[in-house]
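Undergrad: This is the structure I want to talk about, given as structure tokens.
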Amino acid sequence: MAVLGGYCEGNSSIAQAWVQQGFQPCFFFTLVPAVLLSVCLLLGALPSTSPAPASTSARSCCPCCWPCSPSAGCCGKWGGPGQLYGYMLLHACLWALSWGCAVALLQLEHTRVLVHDRTRGHGTVLLLFWALAFAAENLTLVCWRSPLWWWACGADPLLSVQVQFGFWLLRYICTFMLFILGMKAPGLPRKPYMLLVNEEERDVENNQGGARPLLPDASRTTSTWKDFRRKLRLLVPYLWPKGNHLLQGLVLFCMALMGLERAINVFVPIYYKNIVNELTEGAPWHTLAWTVCIYVGLKFLQGGGAGSTGFVSNLRTFLWVWVQQFTNRQVQVQLFAHLHGLSLRWHLGRRTGEVLRSVDRGTSSINSLLSYIVFSIIPTIADIVISIVYFTSVFSAWFGLIIFVCMSLYLTLTIFITEWRTKYRRDMNTRDNEAKSRAVDSLLNFETVKYYNAENYEVNRFNDAIVKYQVSEWKVSASLGLLNQTQNLVIGLGLLAGSLLCAYFVTENKLQVGDFVLFGTYIIQLYTPLNWFGTYYRMIQNSFVDMENMFELFHEEQEVKDVVNASDLRLEAGRIEFENVHFSYVDGYGEILQDVSFSVMPGQTLALVGPSGSGKSTVIRLLFRFYDVRGGCIRIDGQDISQVKQVSLRAHIGVVPQDTVLFNDTIANNIRYGRILATDQEVQEAAQAADIHDRICSFPDGYNTQVGERGLKLSGGEKQRVAIARTILKGPRIILLDEATSALDTETERNIQASLAKVCTHRTTIVVAHRLSTVVGADQILVLKDGRIVERGRHEELLQKGGVYAGMWLQQQAGDEGESKDTAGRRETFLPQQH
């Protein structure tokens, strides 16, 4: 039976942390359970909770049995020979209490959700607890060569060694499993967000019966680091330029320079220490001069104490510019191409200002994110690890412990506070988007604002948006000040503790004066990037927040996709067939088109007429494949358009829309948009065919005239003629006219009709018409009502039937006669005032 001894073995003291190539067991097994218990009691008691659905997890079994592990070890020790020391009993008690608290927190998570962990599977306190427990088991491996630990053969009888080794191995495996499963949390539900109701948290299911927003709400409370691995996988291709061997070589060289900086950061304080010691001891001049030269050379390579302005860092930054430019170009081009590939539905519902703002912030943040992670976060963590190892092995384990505790506390508080203040940053982004969108909408509708004398109203709306943004901005700044003060306090306390301990060892002649200088230099050198670590973390988090909308844009799926192995459309004659077509814009709602079937022979003109909302323009959009049909089939020359490539389909179709929007460019370039490689002569021939050449030549700059944003400098008729010229230049076999003249006056409409007649000659044409007078010469007229074809035939045939078409014709004729009389009366009244 074991004999009860003192608190520590032999003459050792708990104050002796590092003895004989390892941690002293008395010190180690007192500190570890105390830290674990403190984490559970202090951090676990702070957050409030809210109800959560019950769930089960395999992780519940292991922690429930785990508090008994040290007790079983003590029983085995008590039953065998040797001594049972006080620290073993304290370790068993504290270990049982700490793991008991962890089990309580785990059980609490099955019925309640911690407020500050509303988006994770397990809470931050449990994750930190399991991480520290697993780290403690790994620290025991550092003491493998120490004769004071139980795995030394001479320390205890062999049977006791086997028992303790079995318990350690069991602890190591279980803590490892807890750490991994805790990060994954496969047994707990994840909520995309939660909603504050009366200052309490309530779970809210995502997307209940509602459509998913085009852009995510930046105010949501999900963690910025959620799906971190997925986001990182998206960034890796930009860090490693695929297919560009020169840039890949630059990346490797920059990594090597980063490793060289880490080595320089270690040697700079060492050579500074050597200078101080040599000056104190009165070393020869040539020895001192050589040491000073090496020190200055290292400082030249390192730079101003933190490696931020040295030769190596500047060289790395200079070389990394090419990688940054590659990344920025790739992201912008891919996102731009992706946006053009999204559906018409998405583009009709988007807010231009918000999308552009999200794209701008997202693309600019990627370079920053890569630089922060690769050249700031990773080097800083590496410097911390190197410093702990160096001071533990060269000075004392106490120095390594002080640095470890200080750094851990600093990083933990930084992460906690930064995660807490993320909601303010998201809210600020939301307010910023709203202000910018409001400004863009107001400026785009400049004429409407003037029409209704609403300048003050728009200014007040914009001012309200700015005020809301500034309130959120103040919260961001105030929380940032709190974080900075907390970081400053931790750094000051750590520097104070280490400096006092180092000064004590110098007075006890255990260290030299140069060692004190080395410690101060090294710690200040370490704290400088560590002080920036909080900034790096915040910037990374802000970059992730800025990139969230952009990632959502990247993951917007294309509704209309080419099928695998799609072939090009082989256009021969240009016959169009609709066979039993059904379509609705939203699944489960009323159909816009119901069992629509018709054929258009090559070279013929088909007119679609009917009341508003009957589905006329939808036919055009389906043929151009802005959407895919829900049922039935659309064929061109016998080929299903859903089985051919969209590019080849649209290459053979020309569209003249009702509202022609031109680019803010010259008239020539707007016409040339129909065929980018067209010559100036071909552009002018297309303009002549559209009967706008003479009008263009009357402008001071001719074809180089700028049309303004959306073509606002041109009249409606001029814009339509430019659109017609663009379509003529494209030279398609199929023409779609979507109420191309409905917004024009009668005289302009007649002139445009003459141009359209030239375009449609010998081409298959589908015309969507509001004014029936424009389609009297069509080969076939379809009358749509409530998504169905109710009548079909030529103009004369439909009039003779006396149906829907005839009623529409009579109504429009009566309206035209009344308008003509009214116009004539006005002309007589105001004729003297005409110029």
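For all residues, glycine too, the Cβ spot is worked out from N, Cα and C.
Sharing the features that TrEMBL gives for it:
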type     : residues : note
COMPBIAS : 818-829  : compositional bias 'Basic and acidic residues'
DOMAIN   : 252-542  : domain 'ABC transmembrane type-1'
DOMAIN   : 576-811  : domain 'ABC transporter'
REGION   : 814-835  : region 'Disordered'
TRANSMEM : 26-46    : transmembrane segment
TRANSMEM : 85-106   : transmembrane segment
TRANSMEM : 127-151  : transmembrane segment
TRANSMEM : 163-181  : transmembrane segment
TRANSMEM : 369-391  : transmembrane segment
TRANSMEM : 397-418  : transmembrane segment
TRANSMEM : 489-507  : transmembrane segment
TRANSMEM : 513-533  : transmembrane segment
Undergrad: Among 163-181, 397-418, 513-533, which stretch has the highest count of C-beta pairs below 8 Å with the transmembrane segment (369-391)?
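TA: Against the transmembrane segment (369-391), the leading stretch is 513-533.
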Undergrad: Averaged over the whole of the domain 'ABC transporter' (576-811), what is the pLDDT?
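TA: Summarising the domain 'ABC transporter' (576-811) by its mean pLDDT gives 86.
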Undergrad: Would you kindly list the residues that approach the transmembrane segment (513-533) from elsewhere in its chain, counting only those six or more residues past its ends and only Cβ-Cβ distances under 8 Å?
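TA: Distant contacts of the transmembrane segment (513-533): 265, 268-270, 272-277, 280, 305-307, 376-377, 379-380, 383-384, 387, 390-391, 395, 399, 403, 407, 410-411, 414, 487, 491, 494-495, 498-499, 502-503, 505-506.
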Undergrad: By Cβ distance under 8 Å, which residues at least 6 away from the ends of the transmembrane segment (489-507) in the same chain are close to it?
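TA: The answer is 395-396, 398-399, 402-403, 405-407, 409-410, 413, 513, 515-516, 519-520, 523-524, 527, 530-531.
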